[in-house]
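Peer 1: Below is a structure I'd like to ask you about.
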Amino acid sequence: MMGQSCVYHLWFSPVTTQGSQQTQPPQKHYGITSPISLASPKETDWVLTQKLIETLKPFGVFEEEEELQRRILILGKLNNLVKEWIREISESKNLPQSVIENVGGKIFTFGSYRLGVHTKGADIDALCVAPRHVDRSDFFTSFYDKLKLQEEVKDLRAVEEAFVPVIKLCFDGIEIDILFARLALQTIPEDLDLRDDSLLKNLDIRCIRSLNGCRVTDEILHLVPNIDNFRLTLRAIKLWAKRHNIYSNILGFLGGVSWAMLVARTCQLYPNAIASTLVHKFFLVFSKWEWPNPVLLKQPEECNLNLPVWDPRVNPSDRYHLMPIITPAYPQQNSTYNVSVSTRMVMVEEFKQGLAITDEILLSKAEWSKLFEAPNFFQKYKHYIVLLASAPTEKQRLEWVGLVESKIRILVGSLEKNEFITLAHVNPQSFPAPKENPDKEEFRTMWVIGLVFKKTENSENLSVDLTYDIQSFTDTVYRQAINSKMFEVDMKIAAMHVKRKQLHQLLPNHVLQKKKKHSTEGVKLTALNDSSLDLSMDSDNSMSVPSPTSAAKTSPLNSSGSSQGRNSPAPTVTAASVTNIQSPEVSVPQTNSSDSSGGTSSESIPQTATQPAISPPPKPTVSRVVSTTRLVNPPPRPSGNATTKIPNPIAGVKRTSSPHKEEISSPLPILFVSQEQLDTETCTAQSETTQTAASLLASQKTSSTDLSDIPALPANPIPVIKNSIKLRLNR
């Protein structure tokens, strides 16, 4: 079906290819429940699968054979370098010659490349496995120096203090991330199977984390009935997720390994189905999945190594995960702990829409191309929060943007707790922000968050104050930057509320797609002029979104702009009128597709009924009881006899409003911008205040518990931007 499928196992694979079994019904039982259907594919299924392949090709999801062989050659060179380096280390430590000759050492791959679903130009995730006498310090010194001497190696950098320490490099044009793990073995055999749990004994936690990627990837490949069908289905689902802006683990959606596990579970439930059927069944299964029941590929096994594993019976915080997808390798973890109420709502709605479209495809009422049409995020909502991050140099921008992006989910969680907000949907793509000061070189990136306001009754005047939500977020980011010694003067965050019809003044034209009559009222940046508002740059993608006309890889964080200096006045934001939020356009489309599933919607979707019985957590809902007091710290919610406080940003009661000024670290000057009388008036302001570390810290005494992992600020005063966003909606 796919000529290149078996080639992916040529690289040091401890997994024997199961693709050869595809002509025979699998005898092995896969998964924790029985299959839903053992039906074999019909002729129409094969035709639809071939059409799916042809539809995928223009998006660049398949790599040419020549490029694939080049990757294998590069990995071969890297593997030889590892073996050579380990021999040199062994000789320097005076090991016996008999040991040196067989000491081994090996490069393993994991992630999308190991799964065989990488796209054109994608990077490679690799793991260097060394014997017990090779230290991590050796990896970051002598091996780093050895790589530096290779003429093919460019952009070499070590990130030794990361949660999972890594060496990043570009080897002959291919980006590679190399992790390190030292095993408690004297030699590393060529046929080493990293799935062996006994290898984890006596390892430090950094090595266990480094091994986890390979162990999970290999387990997934062993737990699917047919690897070729799994791969093609996963390619289609990953492309669909990227096109629909729901591919980002860091922002609360799903990352690559989570999508792989959902597809693998679908393959287990329909072991004889081929890709065209599996794509449809994927949407059927997960549009009807009863979250937060966990998705498991196998029964968790206890290895008695005392490592923390996902277990809601033991860990109270695990009971509040909204969309648990559990990795199959020990120690089992939830790969989707970042998912929030809003992101789950968005993804489930996309599953339902995907089911409706694939129903049409199976009935020959639509083509596969319809599934991969990118919806216009910027037409979906009436209200948006635009978040901007700026830094004085490109290098600092890369670090700053990475930190800000990693904390945006905290802002989303805070917005979700606002009494008047039903949904906060962040677009995983980031964009270059418009230049503000063309004479000053600064680099700016922005993200866009769509908002849906709750429909309220009997309210002529509705005031929505987002000041505290924004301030809590910015304080958290600044505190993290200072404690990690990353903060530099002129690193800034700003936020503004804009209306849908004003987005064209901030975003590149090609991302807005649908042409509409734009409002003459707009987002006015005081230091802007027409010549400096350059929106022709390519989008600053935090994820690569293939399109049929441009399938080349888009490098993340690669665009820049200019912004105001630290001493210049903060931009005054003037938002146009906010339209009536009771309009049907604001609400997320409700279930309108799951009832039509081509005759298959009556299938029973097996949940994880075979799991040990646990007290089911109360299902989180968007409409919560509104407290009459301002609650910032979320109280623990009852679940069994648990009394532990859960540090979850969504497990709290919605705030009735933001705290009064006296509850915030210092009074914020608010600029009210009056406009001509319309059906709605927006009062939006932004101000800049210099605060000492003490006052900034004081503001955190009322921040939610999901921020508590950040240590206290140092004693030195720092300048901090504060934002005030107040909306007054006149019905």
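Each Cβ is built from the backbone N, Cα and C atoms, and glycine gets one as well.
All annotation found in TrEMBL is predicted automatically rather than curated by experts.
The model shown is predicted, which means the values in this text are computed figures rather than measured ones.
Pulled these features from TrEMBL for this protein:
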BINDING   PHE110, GLY111, SER112, THR119, ASP123, ILE124, ASP125, ASP177, LYS238, TYR247, GLY256, VAL257  ATP binding site
BINDING   ASP123, ASP125  Mg(2+) 1 binding site
BINDING   ASP123, ASP125, ASP177  Mg(2+) 2 binding site
COMPBIAS  533-544  compositional bias 'Low complexity'
COMPBIAS  545-592  compositional bias 'Polar residues'
COMPBIAS  593-604  compositional bias 'Low complexity'
COMPBIAS  621-630  compositional bias 'Low complexity'
DOMAIN    31-224  domain 'Poly(A) polymerase nucleotidyltransferase'
DOMAIN    229-373  domain 'Poly(A) polymerase central'
DOMAIN    376-444  domain 'Poly(A) polymerase RNA-binding'
REGION    533-664  region 'Disordered'
Peer 1: Between ASP177 (Mg(2+) 2 binding site) and ASP125 (ATP binding site), what C-alpha distance do you get in Å?
Peer 2: 5
Peer 1: On the 0 to 100 scale, where does the mean pLDDT of the domain 'Poly(A) polymerase RNA-binding' (376-444) fall?
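Peer 2: It averages 86.
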Peer 1: For SER112 (ATP binding site), what is the tally of other C-beta atoms lying within 10 angstroms of its C-beta?
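Peer 2: Taking all protein chains shown, SER112 (ATP binding site) has 21 Cβ neighbours within 10 Å.
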Peer 1: So what sits near ASP125 (ATP binding site) in its own chain, CB-to-CB under 8 Å and at least six residues off in sequence?
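Peer 2: Those within reach of ASP125 (ATP binding site), by Cβ under 8 Å and sequence separation of 6 or more, are THR109, PHE110, GLY111, SER112, TYR113, ARG114, ASP177, LEU179, GLY213.
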Peer 1: Note down the number of other Cβ atoms within 10 Å of the Cβ of PHE110 (ATP binding site), including every protein chain shown.
Peer 2: 23
Peer 1: How do the residues of the domain 'Poly(A) polymerase RNA-binding' (376-444) split into helix, strand and coil according to DSSP?
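Peer 2: Grouping H, G, I as helix and E, B as strand yields 27 helix, 20 strand, 22 coil.
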Peer 1: Show, in sequence order, which residues other than ASP123, ASP125, ASP177 on the same chain lie with their Cβ within 8 Å of the centre of the Cβ atoms of the Mg(2+) 2 site.
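Peer 2: The answer, listed by sequence position, is GLY111, TYR113, ILE124, ALA126, LYS168, GLU175, ILE176, ILE178.
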Peer 1: Taking every protein chain in this structure into account, which of the binding-site residues ASP123, ASP177, GLY256 has the most other Cβ atoms within 10 Å of its Cβ?
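Peer 2: Of the binding-site residues ASP123, ASP177, GLY256, the highest Cβ count within 10 Å belongs to GLY256.
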